[in-house]
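Pulled from TrEMBL:
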- D63: active site (ACT_SITE)
- C186-C386: disulfide bond (DISULFID)
- C245-C410: disulfide bond (DISULFID)
- D256: active site (ACT_SITE)
- C297-C346: disulfide bond (DISULFID)
- N319: N-linked glycosylation site (CARBOHYD)
- 420-445: transmembrane segment (TRANSMEM)
Amino acid sequence: VVLRPGSGSRQQGPADGLALASDPGGTLNFLAMVENLQGDSGRGYYLEMLIGTPPQALNILVDTGSSNFAVAGVPDPDVTSYFNTELSSTYKSEGIDVTVKYSQGSWTGVLGTDVITIPKGIYGSYTVNIATILESENFFLPGVKWHGILGLAYNALAKPSSSVETFFDSLVRQAKIPNVFSLQMCGAGLPVSGSGTNGGSLVMGGIEPSLYTGDIWYTPIKEEWYYQVEILKLEVGGQNLELDCREYNADKAIVDSGTTLLRLPQKVFSAVVQAIARTSLIQEFSSGFWTGSQLACWDKTERPWSLFPKLSIYLRDENSSRSFRISILPQLYIQPILGIGENLQCYRFGISSSTNALVIGATVMEGFYVIFDRAQKRVGFAVSPCAEVDGSPVSEIEGPFTTADVASNCVSSVSFHEPVLWIASYALMSLCGIILLVLIILLLIPPRCQHRYTDNDVVNDESSLVHHRWK
């Protein structure tokens, strides 16, 4: 090895009440949406969209971890196209500034509305909220082929407030499609940050049967902001990490197509790295590989994946007494990188640590067809037929399993999005309440027992709340 610096319940078939792909009527033709995405796991998957009148074609990144629809509104050195609002007769500015920060990068722009059509999407034109990005930092990166972002999470995350109707909510309301979308990203075993031509599918309004094999397993959405789910345990090479299940959900566990890696809370990450290192057939391995600062390189004739174990994530089923597990083989988390060395193929570690969430990102999602069933408040997973390397599947789903060995609830019963701020807020309010109570008691005490204040005495009952802020 050469190290170098590195840069639910089961359900067969379509969901109840959803139109079939073979149905020629209405706005839904799911087969027309197959292969409507391009991209790769290193730089995201994007959808072509026509915006404004006359239409301007832009590539839009599909992101289930945010809720604003935003496009470049001015020229940018890292963007090949942008939306020129002055050329659209249907664009209307709301005159409202908006700023969105992501785990990497941020942008500031102005809210407005315009009409959009999706060439390989649902039929028709629809008026949606759109933010034009006027300034950004580390958002558009060199080499990306997309020009905007399509936030598909809930309106609770929308900026500047949850009153901004999200793109998908607008489609559901105007096109009267079912409140469901599904996502397949086909980058398994292919170089990250490669040619950007890996296929994928965003199916709006339902489920396309040709995009999965076997059964769909559903896990409840714990809270409607991100697609927050409940993870019960992790296994490496079939061995349970034996952590308290609340560690996996600290402070949330989400399904996010806009995150490239599988991100784990620090304690979980350390346990996973130790287990992989212990289980792998490599005796000594540099710490730089696990932290992402180094790549591991092998001769191009070798396939290093056989040296590593599979990783399994257990999710609570819709029947809370049961669980199921989604497993990824090392072909998904030991990821090839393009363009390094003549005789060497180099790989990165597709798992990283996180300070505030477990994030099921592209590293895992590329193994599955993922159904975001907002109508029934659940996320579904099924094996994706494109998740194959050298003709062999690199993902698995198995179940059901009993949940008798885990807590009845692995998510904090006080489910606040910013726990420390909320605790501080309630502590301050409690303190203010006590002070107010003391003041009331003092006012009710007969005058002869009251303290006679001098000019130098000050009674001050000022207080401030720590306001909750979305991130």
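Just so it is clear, glycine is given a Cβ too, placed from its N, Cα and C backbone atoms.
A gap of 26 Å separates the Cα atoms of C410 (disulfide bond) and D63 (active site).
Comparing the Cα of C245 (disulfide bond) with the Cα of every entry in C186, C297, N319, C346, C386, these being the recorded positions, the smallest distance points to N319. Sequence-distant neighbours of C186 (disulfide bond): residues of the same chain at least 6 apart with a C-beta under 8 Å from its C-beta are N198, G199, G200, E366, S384, C386, A387. Separating the Cα atoms of C297 (disulfide bond) and D63 (active site) is a whole-number distance of 31 Å. Rounded to a whole value, the Cα-Cα separation of D63 (active site) and D256 (active site) is 7 Å. When the alpha carbons of D256 (active site) and N319 (N-linked glycosylation site) are compared, the span between them is 24 angstrom. Geometry remark: N319 (N-linked glycosylation site) versus C346 (disulfide bond), CA distance 43 Å.
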